Amino acid sequence: MIVQPAAHAGKAGLRRRWLDHALALGEADPGPCFAWHSRVAFVLTLLSFLTLLGGAYVYSKAAPGVDFTSFWSAGHLAVTGHPALAYDQAVHRAVQMTVAHMGGAMPFPYPPPFLLVVMPIGFHPFWLAYLVWVAVGATLFLLATRRLMPATYALSHPAAFMNVVGGQNGFLTCSVFIAAFAALERRPLLAGALFGLFVCKPQLACLVPIAFIAGGHWRAFFAAAASGLLVLLLGLALFGVESYRGFFAMSAHFAGLIENSAWRWNQLASVFAFARFFGIAQGPAFVAQALAAIAAIVLTWRAWALKHDQRVPILAASTMLISPYLFTYDTLLLIIPLAAFLQQRQAGRFVAVWMGSFLTVLCFTGAFAMPIPNLTPIAAIASLFWLHNCDLRLLLPNRSRVSAAA
């Protein structure tokens with residue numbers, strides 16, 4: 001028996017813990033690929049950092065942390081005893097204008113329970129709250145991804161830039177998403193409870209119930225349902241019926257903003273927005289979105305029913321194809337299939353998917369004279385194809401797949 005030196009034993013233990021976490025997410029053993037790709041990680045991080053500087057300059061000319069003004073204003077109204085006014089467009093915008101000058105719309109489209117998340121920042125001055133929000137979110141993100149990939153890779157994702165500059169909540173949602181799936185096999189009740197929190201952002205968890213049912217994760221399924229219901233009831237108890245009335249009215253208004261292009265189409269990351277960018281009419285664009293969503297549901301169901309090794313990355317990539325309401329900062333979930341490509345030593349696939357996000361974000365900085373579409377749907381579809389090892393027989397019934405394999 002060979003006794004390892006303490007240093008080597010420590011490294012082996014760290015790698016064992018990493019592997020346990022990766023296998024809990026349905027990932028492959030990465031081997032020594034991280035060191036092999038260290039130069040790639042440095043280049044990607046440098047590119048994202050330069051983009052971050054350019055984006056910060058652009059935002060500084062208009063409204064730094066412009067997205068965060070929505071959270072801060074809602075939190076400020078809640079802590080001053082007026083939570084329902086977070087959904088009053090005139091009042092909410094008046095509070096926003098005290099810290100930023102905006103030309104576009106930036107309402108608060110989240111349900112009342114999310115006020116519990118933004119209330120702590122409402123106690124503090126805007127800039128201090130913004131810095132704390134970004135720092136806490138980035139820290140949670142790095143903690144959640146530390147066993148999936150090195151920090152250089154995690155922070156190099158272009159959507160991370162969007163969350164830093166805009167002060168968005170992608171770090172938080174991605175962290176909860178990863179943590180929940182990491183707990184699924186060993187602590188299903190905890191995993192379900194965490195996914196119940198997505199009642200505040202349901203477009204990122206539409207496929208989770210499908211995955212739980214297909215995979216037979218009933219304890220997690222019912223825990224998620226109970227958690228979501230409790231969160232909604234807590235919001236009702238704390239903020240009252242008027243807050244929910246305001247939220248439902250705001251939801252209808254916000255849907256109209258998206259349908260009528262209140263934002264540039266390449267700011268949205270959905271299939272619907274991709275089609276609209278090319279001038280396709282609203283009706284056919286919604287049809288394209290529906291077809292993509294059906295494909296995403298089928299792929300997710302099959303992956304989880306068959307216990308596919310990459311079922312969690314498949315679900316994360318499929319989530320990008322479900323909702324017409326998806327912004328670039330939410331595409332941070334693509335970090336999960338990117339981690340799978342790293343672990344498979346597929347550097348080319350990693351860079352291809354990464355570039356899809358990078359080119360989209362780059363146009364926000366004004367670096368491109370000609371706007372380009374948001375390439376998230378293409379990146380998601382490519383990820384799904386590669387996660388199936390370029391074999392789409394996963395879509396076929398079991399008997400057909402066996403016959404094809406024979």
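Cβ atoms are placed via backbone N, Cα and C, with glycine included.
Among the features that TrEMBL reports, transmembrane segment is placed at 40-59 (among others).
As annotated by TrEMBL, transmembrane segment applies to 114-143 (among others). Beyond the ends of the transmembrane segment (114-143), by six or more residues, the same chain brings 64-65, 68-69, 71-72, 74-80, 83, 86, 99, 151, 154-155, 160, 163-164, 167, 169-172, 174-175, 200-201, 234-235, 238-239, 243, 332 to within a C-beta distance below 8 angstroms of the stretch.
Among residues of the same chain six or more beyond the transmembrane segment (164-184), those with a C-beta under 8 A of the stretch's C-beta atoms are 21, 24-25, 52, 55-56, 59, 65-69, 71, 117, 130, 133-134, 137-138, 140-141, 143-145, 148, 190-192, 194-195, 197-198, 201, 204-205, 217, 220, 312, 316, 327, 329-333, 335-336. If you look up TrEMBL, you'll see 164-184 (among others) marked as transmembrane segment.
Marked as transmembrane segment by TrEMBL: 190-213 (among others).
The transmembrane segment annotation in TrEMBL covers 220-241 (among others). Remote same-chain partners of the transmembrane segment (220-241), defined as residues 6 or more beyond its termini with a Cβ less than 8 Å from a stretch Cβ, comprise 78, 83-84, 111-113, 115-116, 184, 188-200, 208-209, 212-213.
The feature transmembrane segment is assigned by TrEMBL to 277-301 (among others). Note on the transmembrane segment (277-301): residues 207, 210-211, 214, 259, 265-266, 270-271, 311, 314-315, 318-319, 321-324, 373-374, 377, 384, 394-395 of its chain, located 6 or more positions outside it, place their CB under 8 angstroms from a CB of the stretch.
If you look up TrEMBL, you'll see 321-342 (among others) marked as transmembrane segment.
Annotation source TrEMBL lists transmembrane segment at 351-372 (among others).
Same-chain residues lying 6 or more positions outside the transmembrane segment (321-342) and placing a CB less than 8 Å from one of its CB atoms are 25, 27-28, 30, 33-34, 37, 67, 141, 145, 148-149, 153-154, 157-160, 162-163, 166, 168-171, 173-174, 177-178, 203-204, 206-207, 255, 258, 267-273, 286, 289, 292-293, 295-297, 310, 312-314, 349-350, 353-354, 357, 360-361, 374, 376-377, 379-381, 383, 386-387.
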